[in-house]
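Quick look at what TrEMBL annotates:
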DISULFID  Cys43-Cys46  disulfide bond
DOMAIN    1-190  domain 'Thioredoxin'
Amino acid sequence: MASLVISDESVAKDFVEGVDYVQVKGIPEAKSPVVREFFSYNCSHCYRQDPIFEEAVELLGDKIDFVRTPVGGGRSSWVLSQQAYYLAQKFKMTRQVHGNIFKRIHEKEGPFTRSAQLKEFFVQQGADASAVEQAMNSVDAKLAISHYDTQAQLAGIRGVPSLLVNGKYLIVSKSRTPEELADLVNYLSALKAAKKAS
């Protein structure tokens, strides 16, 4: 397994601001270090990149928190995908259904276009129908989606998937192996810590 601790100065110099990452106004994060993925289940590039992100997260282990923020952009089918993520979190089914949602959209039936489809999907995954309907129509769901949108707006997200490290460093280089991505995330998380200490 490749070492994820960047201690060699020449390795650190391989990462260039403006090429590999940019500093953004960003968002405050409750925990640090953290990498946040802005994504949509409807996005084909997000679907293709997901295995790379998942493997990078495994390489990082528990040293860095990994969180997702679904992006809606006001498009109805994308908002339904935001609801899908909210429901997965609400019913503690994210690990079980995350890949299944991607497959449903990109390999099987296409995007969710009606709330009834979303409800049916979660019932098929083992959730209680009435609980799903209640959760979908709750104030909490509306607040969650508003929060997702606010985070994306404050982070200056222009496209997905996008990775934001420690609420401040936006990775702009997309074509990376899991090992390279993990190294870059490690570098950026240490970079913020180093600047705080100085």
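A Cβ is built for glycine as well, from the same backbone N, Cα and C atoms used for every other residue.
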**Asked** To what whole number does the mean pLDDT across the domain 'Thioredoxin' (1-190) round?
**Response** 91
**Conformational class of Cys46 (disulfide bond) under the three-state DSSP mapping** = helix
